[in-house]
Amino acid sequence: MLSPVPEEPLLLAELKPGRPHQFDWKSSCETWSVAFSPDGSWFAWSQGHCIVKLIPWPLEEQFIPKAFEAKSRSSKNDTKGRGSPKEKTLDCGQIVWGLAFSPWPSPPGRKLWARRHPQVPDVSCLILATGLNDGQIKIWEVQTGLLLLNLSGHQDVVRDLSFTPSGNLILVSASRDKTLRIWDLNKHGKQIQVLSGHLQWVYCCSISPDCSMLCSAAGEKSVFLWSMRSYTLIRKLEGHQSSVVSCDFSPDSALLVTASYDTSVIMWDPYTGERLRSLYHTQLSPAMDDTDVHISSLRSVCFSPEGLYLATVADDRLLRIWALEVKTPIAFAPMTNGLCCTFFPHGGVIATGTRDGHVQFWTAPRVLSSLKHLCRKALRSFLTTYQVLALPIPKKMKEFLTYRTLLAKEKI
């Protein structure tokens with residue numbers, strides 16, 4: 001059940017870098033990536049100048065709404081059992097472009113870290129992967145801040161990273177060298193596959209929550225869908241008019257969203273390749289020139305944890321929140337030079353990173369999912385679109401379960 005009139009997102013807190021470091025390169029202060037750990041106990045911020053901050057969550061309580069504090073208390077208490085968490089600074093030595101937390105906990109990795117680093121306690125290990133400007137990937141243990149592994153293979157900037165949600169410590173990296181690489185951290189970071197086929201820089205990679213598919217977006221009009229079982233190309237999704245720069249799967253794996261410099265977000269059925277809905281940040285017209293397109297170019301898109309909302313960041317200095325069933329944004333927030341966005345895993349907060357190296361935390365709509373949506377989410381977590389269509393159930397039920405209701409509204 002959606003809130004009848006969602007309020008404009010409120011700025012809860014803003015984190016700013018300390019004194020800027022003096023480097024020769026001009027472009028080094030951006031926050032290209034922000035991430036919450038899956039259990040919500042840590043926040044990672046690439047604050048620019050080669051530095052990543054690991055911050056225990058929640059932040060200082062005066063910045064967080066009471067309802068959010070209650071939701072986060074369990075995560076906070078859990079961390080106390082492992083020792084009081086402290087903020088950590090990771091000096092990566094290169095500009096940091098991509099961040100990804102492993103699922104929590106990750107028992108398969110326990111023996112690996114203990115064997116390679118005897119000083120690390122023999123406990124389940126939350127890790128953070130950082131993608132760097134020189135093509136390296138550094139793997140860190142969050143609780144201690146220790147550097148565990150350094151993965152080499154990419155020939156250019158590692159722009160994005162994604163762990164399989166299953167917890168088997170398979171990591172996917174996307175790079176400006178036009179490839180994606182698959183790494184097995186249980187085998188000392190062994191590179192197990194290289195995915196080639198993109199003709200431009202790969203900006204983004206996203207693994208479906210059911211771990212069956214990988215989506216990659218490059219500086220091209222199409223996005224690639226790969227099988228996470230065979231590491232082969234399933235299909236290309238074509239429909240954007242300019243470079244696709246961001247992508248994300250819905251929590252039930254039934255939807256894929258892609259964001260492009262063409263000012264639009266497209267919702268796809270990843271199983272069939274069908275385009276279900278388009279969301280426009282400006283009204284496109286034949287008379288629109290390149291300057292107008294650039295003003296509203298998309299930078300980032302992400303699903304909310306329950307799968308009923310989207311957040312987008314564009315170059316027109318707005319954070320937008322969209323409800324799945326509505327064609328226009330339901331809420332806006334002014335922000336300057338936004339580059340990335342992500343939802344807190346328990347809902348209620350959106351974190352955004354900016355070109356100035358700042359992080360802003362915004363209130364996000366809280367929603368009590370309907371029983372219909374909860375049933376759909378549960379079913380779609382293990383049934384493909386084709387399996388749903390084969391069920392002996394009424395047509396309207398199939399349309400709801402396959403999100404074809406979005407397609408019907410698109411045509412109105």
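Each residue, glycine too, has its Cβ placed from N, Cα and C.
Features of the protein shown, as given by TrEMBL:
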REGION    70-89  region 'Disordered'
REPEAT    128-150  repeat 'WD'
REPEAT    151-186  repeat 'WD'
REPEAT    195-236  repeat 'WD'
REPEAT    237-278  repeat 'WD'
REPEAT    291-325  repeat 'WD'
DOMAIN    370-407  domain 'SOCS box'
Inset, instruction - Give residue numbers and ranges for long-range contacts of the repeat 'WD' (237-278): same chain, 6 or more residues beyond its ends, CB-CB under 8 A. - result: 200, 203-210, 212-213, 215-225, 284, 293-294, 296-303, 305-307, 310, 312, 314, 322, 327, 376-378, 380-381, 384-386, 402-404, 406-407, 409-410
Legend entry - Residue counts (helix, strand, coil, in that order) that DSSP gives for the repeat 'WD' (151-186): 2 helix, 18 strand, 16 coil
Inset, instruction - For the repeat 'WD' (291-325), would you mind checking the mean pLDDT of the predicted model? - result: 86
Legend entry - Tally of residues which DSSP labels helix, strand or coil - the repeat 'WD' (128-150): 0 helix, 14 strand, 9 coil
